[in-house]
Structure formats: C-alpha cells, structure tokens
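The following features are taken from Swiss-Prot:
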- His325: active site, proton donor (ACT_SITE)
- His139, His141, Lys222, Asp365: Ni(2+) 1 binding site (BINDING)
- Lys222, His251, His277: Ni(2+) 2 binding site (BINDING)
- His224: substrate binding site (BINDING)
- 134-571: domain 'Urease' (DOMAIN)
- Lys222: N6-carboxylysine (MOD_RES)
Amino acid sequence: MTRISRSAYAEIYGPTVVGGVGDRVRLADTLLLAEVEKDHTIFGEEVKFGGGKVIRDGMGQSQRLATDCVDTVITNALIIDAVTGIVKADIGIKDGLISGIGKAGNPDTQPGVTIIIGASTEVVAGEGLIVTAGAIDTHIHFICPQQIEEALATGTTTMIGGGTGPATGSLATTSTSGPWHMAAMLQALDAFPVNVGLFGKGSSSSHGALLEQVRAGAMGLKIHEDWASTPASIDTCLNVAEETDIQVAIHSDTLNESGFVEDTFAAFKGRTIHSFHTEGAGGGHAPDIIRAAGMPNVLPASTNPTMPFTRNTIDEHLDMVMVCHHLDPSIAEDLAFAESRIRRETIAAEDILHDLGAFSIMSSDSQAMGRVGEIVLRTWQTAHKMKLQRGPLQGDSERSDNERIKRYIAKYTINPAVAHGIAHLVGSVEVGKLADLVLWKPAFFGVKVNMVLKSGMAVSASIGDMGASISTPQPVQIRPMWGSHGKALRTSVAFVSQVSLSNPAVSELELNKRLEAVRGCRGVTKHDMVRNNWLPAISVDPQTYQVYADGQLLRCEALAELPMAQRYFLF
C-alpha cells in the first residue's frame with residue numbers, strides 16, 4: 001500500500017482524522033482551534049477534480065443520468081456546524097437542497113459512495129476550505145439596498161427585519177408598517193439573492209391593526225419603544241402571534257415610562273418572545289433588561305456593536321444612540337436618555353453570558369446601531385476574547401476549542417432559524433435544507449468569504465480582475481456572481497406568515513422568490529436554543545450596575561486589541 005505523510009495528505013485533500021486524532025485548523029488569526037471530529041472519506045478513494053485527477057468519466061464520475069446524480073458536489077470540505085459538528089465530508093446538492101453529506105464518487109468503481117457524481121454534476125473544490133451554513137441576521141433595518149451586497153460578502157444569506165428605506169421610522173425601528181409598505185418592500189427585496197422576512201409594526205393595542213399586517217405577509221411583529229412598548233401593546237401583539245404562529249421581537253422601554261422590567265415580563269404571560277439587544281445598550285429597560293436572558297420564554301439576542309467589550313465600545317455608543325433615535329444633544333433629557341443605555345458593567349457581563357450559553361443569538365442592527373457586515377466577525381472575536389480571558393470551556397482543552405466553536409456558530413445559524421420558525425429550511429448544514437453555504441479559506445474565516453452559495457448557486461465570491469486571462473490576478477474583490485441576476489433569484493425565499501398565503505393580495509405580488517410560511521414559532525422556548533440554553537437567575541445592582549448570574553459576579557476587562565481586525569482591512 002502506498003503511503004503519504006499526514007502533512008502531504010492535508011495539502012492535497014484537507015485535514016482528516018487518523019487513529020482517532022483529528023487535524024486542527026486555526027480560525028483566522030484567533031486563538032480558536034477546530035479539530036476534525038470525523039472524516040467520511042475512505043482513504044485512497046477520495047475524489048478531486050482537475051487534470052490527472054479522479055473526477056473523470058469511468059473513474060470518479062459515473063455514466064448515470066441526472067436523476068441519479070447530484071447537481072453540485074463540494075469535495076473534501078471541512079464542515080463547521082452546530083448540529084452536524086466539525087466533520088470532513090463531501091457535500092451533495094440536488095434541486096437547491098443539501099442531498100448528501102458523506103462520500104462522493106462513482107458507485108460502479110468505488111466503495112462506500114453515498115453521493116453520485118455524473119456528467120450533470122458541477123464540482124466546487126472544498127479541499128482546504130471550511131464550509132458553514134449561511135448566517136441568519138434577525139435584526140435588519142432595511143435602510144439601503146447596498147446592505148445586501150455587504151451582508152453576502154461576509155456570509156449572511158438570510159436577512160430578517162423591517163423598514164422602508166431611510167425614513168426616520170426605519171432608521172430607528174425594524175418594522176415595515178402596514179400592508180402597503182409590506183407589499184412594496186416584498187417586491188423590492190425580490191431583486192436580491194438573499195432569503196428575506198419582514199416584521200410588521202407590533203406597537204399597537206389594536207388587534208385588527210396588527211392582524212392586517214400579518215395577513216399582508218409579515219413573518220413576525222416587532223415591538224419598539226419608539227412606537228410604544230407598553231404592557232397593552234405587548235399583550236395585544238402576543239395575542240395576535242399566538243393566533244397566527246409568528247414570532248414577536250421586542251425592544252423594551254428604556255425609560256421605564258409605562259412600567260419597569262417586571263411589568264414587561266408580566267405582560268409576556270409566559271409566552272415566547274425574541275428579546276433584541278438584551279444587554280440594553282441597544283435599548284431596553286435600564287438598567288436591568290439583561291435579566292430577560294434567564295427566562296425560559298425569552299429568546300435572548302445581542303446586537304454586534306457591544307460585542308465584544310473593548311476599550312472603544314463605550315465611547316462610540318453615545319453618538320450612535322443620539323443619531324439612531326432622533327435625539328438632540330442640546331436637550332438635556334435626550335442626552336440623559338442616551339446615557340442611561342450605556343453601562344460598562346452590563347456590556348462586560350454580556351460577553352460572559354454569551355460564553356456560558358445564556359445569550360443565544362447574535363444579530364447586527366444594521367445601520368441603526370449595528371454593522372451588517374460584522375455579525376460573523378464579531379461573534380468570533382467574542383469567542384477569542386473569552387478563550388483569552390476565561391480559558392477553555394468545559395469539554396474543551398488546550399488542544400482544541402470544538403465546544404466553544406459549536407456554541408458560537410449556533411448563535412448566528414441554527415438558533416435564529418429556530419426562533420423564527422425557519423429551521424426546517426435554513427440554519428445548519430443538514431440533508432434536506434437549502435444549500436445556503438459559505439466557503440472560507442481558514443486564514444480568512446469569518447472575515448472575507450471565498451464563495452457564497454444560495455440553493456447551491458454561487459451568488460458572491462472572491463474573484464480577480466475580470467479582464468485578466470485567469471480568475472486570480474489582483475485586485476481580488478468579493479463580487480456578485482450569476483446567482484445574483486435574472487430569474488436565478490428564485491433560489492431565494494421570502495418567509496411570510498401562514499395566514500398570508502391564503503391572501504390573494506400576496507399572491508398578486510408575483511414574486512420571483514418562492515413564499516415559505518414560518519412554522520412552530522409559538523412552541524419554541526429557551527430550551528430549544530442549540531448549545532445556548534443556560535437559564536441562570538440574573539440580577540443587576542441598581543446602584544453599581546454589576547451583574548450577577550446565580551449569585552456569581554460577572555466581570556471581564558475590555559480588550560485593547562482584537563484579531564480579525566486591522567491586518568485584514570488595510571487594503
């Protein structure tokens with residue numbers, strides 16, 4: 001038997017597992033090391049495309065018809081996923097869905113083939129690359145359409161939120177108000193290669209005013225203090241959600257005008273709700289909205305400007321609050337409102353609560369106190385910071401960080417999908433789900449994508465000079481691909497409510513995107529948050545703002561330097 005060294009094998013086919021010991025891959029320039037847990041490959045039967053390689057007719061490529069073969073195969077990829085784990089495999093894609101995770105090839109010449117390659121199969125070389133599920137951002141202010149190109153370039157394939165453009169209401173709140181705006185925005189978003197979902201305005205104590213937005217195509221409702229986050233509006237909104245099986249997101253009452261945090265919790269009546277920026281700098285009862293992260297019916301999220309806690313975090317937030325919420329720095333009350341939201345102690349505690357799995361979701365808050373292109377990046381910066389300051393998680397070691405890696409990737413993939421009733425289609429690298437996949441070079445993981453697939457078709461990729469003789473000459477830039485154009489936009493989905501599918505006005509919009517109803521939103525609890533379901537008793541000292549979880553003080557220092565930062569963005 002011919003043998004090659006482990007390092008030579010990794011160079012050719014990517015990392016593997018030998019003798020129960022997995023190769024390790026560093027994520028970007030962080031301290032995080034991913035160790036391969038399983039390899040579906042049969043040594044000596046690997047498939048690879050190219051001159052003199054295996055995927056040729058009669059070798060790794062079969063003579064079977066398209067019905068038996070995958071449309072696309074990603075070969076020898078390292079999957080990093082909260083559900084599937086950290087595994088090496090070939091990935092088969094058929095009719096826009098992940099059809100297989102296993103061993104690709106020609107079953108007529110090779111053993112153990114679970115993914116059949118034929119003349120109808122395209123190949124994406126995954127050797128040496130990491131594959132993840134596309135990120136799901138549940139806090140999008142749809143202010144400008146250029147956000148979508150930025151989001152795709154950093155691995156986001158599903159954008160959920162609200163807005164109508166740079167209108168004053170949309171600059172502050174993630175809601176698309178009323179049936180007319182709902183229809184117009186669904187039609188506008190039909191031109192972009194991302195999955196979308198819109199929140200209606202949930203700040204109303206009128207049952208009918210909320211229901212008509214859900215019937216118009218809202219996949220959820222958003223309660224926001226700038227429109228009113230009162231106990232009456234919360235109760236009414238949750239009543240409508242219970243009737244129509246949609247999710248409710250909340251930005252609660254910073255000023256405690258209509259009640260304190262206990263009154264808001266009482267208005268929930270044990271019903272499920274998605275709490276935005278649960279730390280509070282992005283908005284919510286001052287100073288103790290962070291207590292919501294310990295409630296079983298609350299699905300707690302962060303927005304990315306507070307993540308992780310650095311020496312610049314506090315300083316940049318004051319101006320963000322003033323601009324976002326239409327405040328006037330010359331008015332003392334407006335300034336006091338902004339300052340009440342920014343607390344060093346709760347921001348520091350947020351990092352630790354993420355690391356322990358009490359915070360379940362990461363999102364952006366795009367252009368409204370958040371950066372649409374940094375949801376993935378800031379998640380991994382936080383994981384790095386916590387390893388640096390707190391050491392390995394339980395189940396990890398100095399050798400690898402698999403448990404921490406799987407916990408953190410869940411925050412922007414499977415958990416937002418579960419929270420909003422779309423996990424049957426997106427959120428993980430699993431058979432049967434949309435092939436919304438992101439390929440990364442390990443050195444650029446979480447920073448700059450290599451390629452983004454929507455339903456198996458490339459929509460964004462790092463590509464060189466389009467006038468050059470090959471695809472790699474500089475400048476290499478992340479650019480839209482064919483899947484971003486024409487009727488290929490049907491590879492994306494518009495998520496709506498189930499009741500809207502029977503509304504003739506919605507079908508008359510004649511969208512290219514296929515409409516998919518959200519489902520199972522009302523039965524979700526914190527226990528369903530994958531790898532992020534810790535329920536501590538959280539308290540906040542009203543004088544010092546110090547945060548305690550199960551009686552333990554949560555404290556960490558701000559970092560002065562982060563990975564995934566300047567060295568990647570000088571050019």
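Positions of Cβ are set from backbone N, Cα and C atoms, glycine also.
In terms of Cα distance, the recorded positions that sit within 10 Å of Asp365 (Ni(2+) 1 binding site) are His277, chosen from His251, His277, His325. The Cβ centroid of Lys222, His251, His277 marks the Ni(2+) 2 site; residues of that chain outside this set whose Cβ lies within 8 Å of it are His139, Thr173, Thr174, Ile223, His224, Ala249, Ile250, Ser252, Ser275, Phe276, Gly282, Gly283, Gly284, given in sequence order. Residues Thr138, Ile140, Gly161, Gly162, Thr173, Thr174, Ala249, His251, Phe276, Thr303, Ser363, Ser364, Ser366, Ala368, Gly370 surround the recorded Ni(2+) 1 site, their Cβ atoms falling within 8 Å of the Cβ centroid of His139, His141, Lys222, Asp365, which are themselves excluded. Taking every protein chain shown into account, His139, His141 are the binding-site residues, and of these the Cβ with the most other Cβ atoms within 10 Å belongs to His139. Taking a C-beta cut-off of under 8 Å and a sequence gap of six or more, His277 (Ni(2+) 2 binding site) has these contacts in its own chain: His139, His251, Gly283, Gly284, Ala301, Ser302, Thr303, Thr306, Asp365, Met369. Within the set of recorded positions (Lys222, His325), the lowest number of other Cβ atoms found within 10 Å of a Cβ is recorded at His325. In this structure the C-alpha atoms belonging to His141 (Ni(2+) 1 binding site) and the residue listed as 'active site, proton donor' are separated by 13 Å.
Asp365 (Ni(2+) 1 binding site) is surrounded by 29 other CB atoms, counting those within 10 A of its CB over all protein chains shown. Under DSSP, Lys222 (Ni(2+) 1 binding site) is assigned to a strand (E or B) in the three-state scheme. His224 (substrate binding site) and the residue listed as 'active site, proton donor' are 11 Å apart (CA-CA, integer value).
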